[in-house]
Amino acid sequence: MDSSTTAAPCFFSLLLPLSINAATFQIVNRCSFTVWAAWATTGPRAGGGNRLNSGQSWTININAGTTGGRIWARTGCSFDGSGRGNCQTGDCGGVLQCQGYGRPPNTLAEFSLNQFQNLDFFDISNVDGYNVGIDFSPTSGGCRGIRCSANIVGECPAQLRAPGGCNNPCTVFGTQRYCCTNGPCGPTELSEFFKTRCPDAYSYPQDDETSTFTCPGGTNYSVTFLPL
């Protein structure tokens, strides 16, 4: 199916019983140009994709207990009648219907549903770089939304520039300092470039303290792609 997944065990060690209701995500394109929306999850592995012209929206349902969820915009895409092609940013293996994560640079709306204490955990991440702005807001549940929309592409440091976007330093350099793959690490001058422009978004992999947000399980959401 292109708009839902099935429930699976999560990666948190402590769980309360899961809600039986899927969460609804309305994906909206407010950019002045066409994007190819994509989503993918790891628990279980699933995903999909859809072309959205400016002003168009697409609604998907994600089952309770889903983990490793991402929603992102692909740009500069061209697909043939069988759904094969490529995108300048966010490409997911050259297919319209994504079944895995996209290629950087791409701004990410990330989520895991009905986890510890039956909470949804959600965030915006620049750990895979930035291609379009994102507003990630609950439409129920009474909790706050988050946004990352700044001139990151236009102001991108020279060493991070990429066609159609701005890479995160881990993508470019692949070192422990930037990727945090072998233990603790902290912010760098390049991650701070992203953090100062989008303070609510992840700027490096361990940027948890100010970048992870929660809502009650069963909350519905909107993910809106924005200019800049």
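Note that Cβ sites are derived from N, Cα and C of the backbone, with glycine treated the same way.
If you check TrEMBL, you get these features:
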type: SIGNAL; residues: 1-22; note: signal peptide
type: DISULFID; residues: Cys77-Cys87; note: disulfide bond
type: DISULFID; residues: Cys92-Cys98; note: disulfide bond
type: DISULFID; residues: Cys143-Cys215; note: disulfide bond
type: DISULFID; residues: Cys148-Cys198; note: disulfide bond
type: DISULFID; residues: Cys156-Cys166; note: disulfide bond
type: DISULFID; residues: Cys170-Cys179; note: disulfide bond
type: DISULFID; residues: Cys180-Cys185; note: disulfide bond
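Each residue contributes its Cα atom, and for Cys166 (disulfide bond) and Cys92 (disulfide bond) these two points are 18 Å apart. Within the set of disulfide-bonded residues (Cys180, Cys198), the lowest number of other Cβ atoms found within 10 Å of a Cβ is recorded at Cys180. Summary: among the disulfide-bonded residues (Cys77, Cys98, Cys143, Cys170, Cys215), the fewest other C-beta atoms within 10 A of the C-beta are counted at Cys143. For Cys148 (disulfide bond) paired with Cys180 (disulfide bond), the C-alpha to C-alpha distance reads 22 Å. Here the C-alpha separation of Cys198 (disulfide bond) and Cys156 (disulfide bond) works out to 13 Å. The separation of Cys170 (disulfide bond) from Cys143 (disulfide bond), Cα to Cα, is 31 Å. Listed in sequence order, Tyr130, Gly165, Cys166, Asn167, Phe193 are the same-chain residues at least 6 apart in sequence whose CB falls under 8 Å from the CB of Cys156 (disulfide bond).
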